[in-house]
Amino acid sequence: MAVLPILVAPHPVLKQKAKPVAAVDARVAAFMNDMVETMYAANGIGLAAPQVGVLERIIVVDVHEKDQPRNPIRLANPEIIWSSEDKGPCEEGCLSVPEQYADVIRPVAVRVRYLDETNTRRELDADGMLATCLQHEIDHLNGVLFVDHLSLLKRNMILRKVQKQQKASA
Ligand code: GNR
Ligand code: NI
């Protein structure tokens with residue numbers, strides 16, 4: 001297993017669309033493990049492959065409560081096959097937009113179809129933080145960041161802060 005470096009906006013790879021995996025084979029399963037390790041090392045609740053420079057449709061999420069055991073979920077080719085009409089705001093952050101947070105309005109519940117780490121087709125019903133996180137990660141596979149859901153003014157304000165912070169720490 002390995003902790004991989006995470007790309008920060010405005011890296012061009014974060015704007016690109018990721019390609020489906022043909023199947024979850026040993027290579028993809030091992031990469032999913034690296035993604036889980038990277039997510040935990042960064043204290044994230046999710047991670048999408050493009051964030052580590054890989055343009056394949058692979059995400060990992062874990063929204064377990066603080067006092068509960070870890071519960072990583074590995075998903076390849078995730079697709080939202082149902083979204084609730086009901087939408088609501090949730091404060092989001094992103095490891096590729098470090099230390100910036102803003103409310104994003106999304107459907108409060110979704111059903112996701114995907115291939116798991118054994119290449120088995122599964123469906124997952126999610127609400128709350130898990131639903132938000134899955135939508136945030138699937139956005140990454142389409143080159144979309146949470147700031148793209150905000151007004152141009154808010155988006156530019158956040159992206160400028162990130163660039164300034166990056167330059168200061170470079
Ligand atoms: O760690 C993360 N926290 C988070 C909080 C609210 C909504 C979405 C997220 S995902 C984020 C990790 C990340 O950047 N995944 O792409
Ligand atoms: Ni993110």
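Any Cβ shown, glycine's included, is placed from N, Cα and C.
According to DSSP, Glu137 (active site) sits within a helical segment. Taken from TrEMBL, the feature active site applies to Glu137.
Annotation for His136 (Fe cation binding site): same-chain Cβ neighbours under 8 Å, separated by at least 6 residues, are Gly46, Glu92, Cys94, Val104, Phe146. As annotated by TrEMBL, Fe cation binding site applies to Cys94, His136, His140.
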> Including all protein chains displayed, how many Cβ atoms other than that of His140 (Fe cation binding site) lie within 10 Å of its Cβ?
Replying inline: 22
> In the same chain, which residues outside the set Cys94, His136, His140 have their CB within 8 A of the centroid of the CB atoms that define the Fe cation site?
Replying inline: Gly46, Ala48, Gln51, Glu92, Leu95, Ser96, Glu137, Asp139, Val144, Leu145, Phe146
